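In what follows, a single structure is set out as structure tokens and then discussed.
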Amino acid sequence: MQKEAGAECEKMEKEMDERHKKELEEAKKPEESEAVPAENPEASTLSPPSPNPEGSDNDGEGPSSSAFYKTVKISNKAAKKQDKKKKTADKMKAAEAADKEAGKNQLSDRQMEKAAVKEMLAEDHMKMIDIPADGDCMYNAISHQLQEEGIEISVRKLRKRCGTYMREHSEDFRPFIEDMANMDSDSSWATYLGGVENVAEIGGVWGGELELKACSMIFEKTIVVYKQYGGRHTIGEEYSSPKDRALRVVFLRHAYSLGEHYNSTCPY
């Protein structure tokens, strides 16, 4: 009886040892399965994390697992700066387009003016002679016309003669100065005449209708001015005669960006 009880105890101990061994083996299996991904090369590959769900502990103020994929946010200051640059660029483009359009219009006005003047000249069997736009163009045009009549005179001398004549016959010119307010004093009148007598490079002013009148009276010549609006404008008609050819010049308003310009003419 005692022998049977001992055998039974031995059997129970053996079964218990086997059960403990089996439980230990089962307990080791999760650890091995967790270690496998670490040894797997694919497990180390980075992949973009999914967005944080609502209620996530990460409120964006601290570092997170998505640091490599953070969305770039533009500050208000940077956004305003970019907006300002865009507006400036848009304005520059608009200004450039306006300049181009103005250039087209100016070119069109220039072409129309020249076409109208050339048509008038053709009717009188004349053609236009270009004069440099140097501030002395009116005097150069008259000088060229006088040369055609056999009268040689330089621009400097022509300006000097005009100024002297206008000074000596001020009653024929001074009342017709446009800016009368500045011509009340003798010093203002003297300043004006100085602009007539000097060439442009030393402060001389452009010649106009009054100076053409002075040239007409000095040389006793009729002067015909061709211009787009107003047609032919005649100065000094009292000097006109069948034997005496008129001096003929062209007035252009749109020929150059600087403003008014005079050219000469010759028969063809």
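A Cβ is built for glycine as well, from the same backbone N, Cα and C atoms used for every other residue.
Note: TrEMBL annotation is automatic and uncurated.
Lifted from TrEMBL, the feature list:
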- 1-32: compositional bias 'Basic and acidic residues' (COMPBIAS)
- 78-88: compositional bias 'Basic residues' (COMPBIAS)
- 89-103: compositional bias 'Basic and acidic residues' (COMPBIAS)
- 126-268: domain 'OTU' (DOMAIN)
- 1-111: region 'Disordered' (REGION)
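For the compositional bias 'Basic residues' (78-88), the DSSP counts in helix, strand and coil order read 11 helix, 0 strand, 0 coil. A mean pLDDT of 93 is what the model gives for the domain 'OTU' (126-268).
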